[in-house]
Amino acid sequence: MRSRKKKFPLDASTNNTFDPQSLFNLSKGIAVLASNERLMDVAATREVVESYLSSPESFKKDFVQAILKIGLIQVKTGHGEGGEIRTLYSHIDNSRA
């Protein structure tokens, strides 16, 4: 079993601090996650990233609000609820189909 204690930093320079450094890196073409890199491919999301770069406090405030909203989502878990818990995130459990 793999250790869950290993973490991959999303921002190598300030990986122990919550700050918009990863957005700055993203604007310079440095992204750890492919999904983050895609934010710069669309004008609308690129504008959002750029607006947060000019207003780091706004980024922090909006991020907190987003996390609070995610916490309200009723996550479906297990087979009885119609959800799925994946152990290998890149694959869907086809045995349930």
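Cβ coordinates are placed from backbone N, Cα and C, and glycine is handled just like the others.
Just so you know, TrEMBL annotations never went through curation; they're auto-generated.
The annotation domain 'Plant heme peroxidase family profile' is assigned in TrEMBL to 1-93. Annotation source TrEMBL lists Ca(2+) binding site at Asp11, Thr14, Asp19.
Residues Ser13, Asn15, Thr17, Phe18, Pro20, Gln21, Ser22 surround the recorded Ca(2+) site, their Cβ atoms falling within 8 Å of the Cβ centroid of Asp11, Thr14, Asp19, which are themselves excluded.
In the shown protein chains, 13 other C-beta atoms lie within 10 A of the C-beta of Asp19 (Ca(2+) binding site). Computed over the domain 'Plant heme peroxidase family profile' (1-93), the whole-number mean pLDDT of the model equals 81.
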